[in-house]
Amino acid sequence: MALRELKVCLLGDTGVGKSSIVWRFVEDSFDPNINPTIGASFMTKTVQYQNELHKFLIWDTAGQEAFRALAPMYYRGSAAAIIVYDITKEETFSTLKNWVKELRQHGPPNIVVAIAGNKCDLIDVREVMERDAKDYADSIHAIFVETSAKNAININELFIEISRRIPSADANPPSGGKGFKLRRQPSEPQRSCC
């Protein structure tokens with residue numbers, strides 16, 4: 001079975017639950033007292049998808065303003081980006097649109113984008129309507145899912161959908177030696193003035 005490494009980065013404001021999503025996916029655990037990420041953290045998880053193994057190389061980026069300039073370093077070369085907002089904080093959804101804009105301008109051209117509305121277990125204090133977020137995700141051709149890292153809602157489904165959207169390895173086969181070969185130019189004899 002073929003193994004594919006897929007770099008995935010998580011973007012979004014501080015406190016939206018990016019680290020909790022990663023911990024729930026990789027370790028199947030939830031820590032209500034998790035500390036904010038400083039810079040970025042890295043974890044991996046391998047899952048089977050159809051006839052391939054997908055090894056997710058997950059970069060969880062810091063959401064604080066001071067670390068925003070580092071984000072391009074993490075999403076460069078990514079197969080997918082998960083942009084997370086908190087359904088209980090409208091401003092995190094507004095900021096999400098800036099992340100999408102930056103990703104479209106500076107990220108890989110074929111990156112798979114997923115929008116994750118986290119903390120869907122807090123439905124009574126919702127500020128971002130699911131329909132509005134879904135409509136926005138559809139308008140930018142992104143995956144949309146509401147998640148709860150706390151209650152393990154739609155976390156695995158999010159990564160399965162990313163696997164589904166990433167072109168299969170068969171769609172981009174290696175060139176099979178049909179590239180070109182670099183050769184040295186024959187050097188001309190050295191001329192001397194003496």
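Numbers run from 1 along the shown chain.
Even glycines carry a Cβ here, placed using N, Cα and C.
In Swiss-Prot, the annotation motif 'Effector region' applies to 34-42, one of the ranges 34-42, 52-60, 106-114, 142-150. In three-state terms derived from DSSP, LYS119 (GTP binding site) belongs to neither a helical nor a strand segment and is classed as coil. Between the binding-site residues GLY12, GLY15, the minimum number of other C-beta atoms within 10 Å of a residue's C-beta occurs at GLY15. Taking every protein chain shown into account, LYS18, LYS119 are the binding-site residues, and of these the Cβ with the most other Cβ atoms within 10 Å belongs to LYS18.
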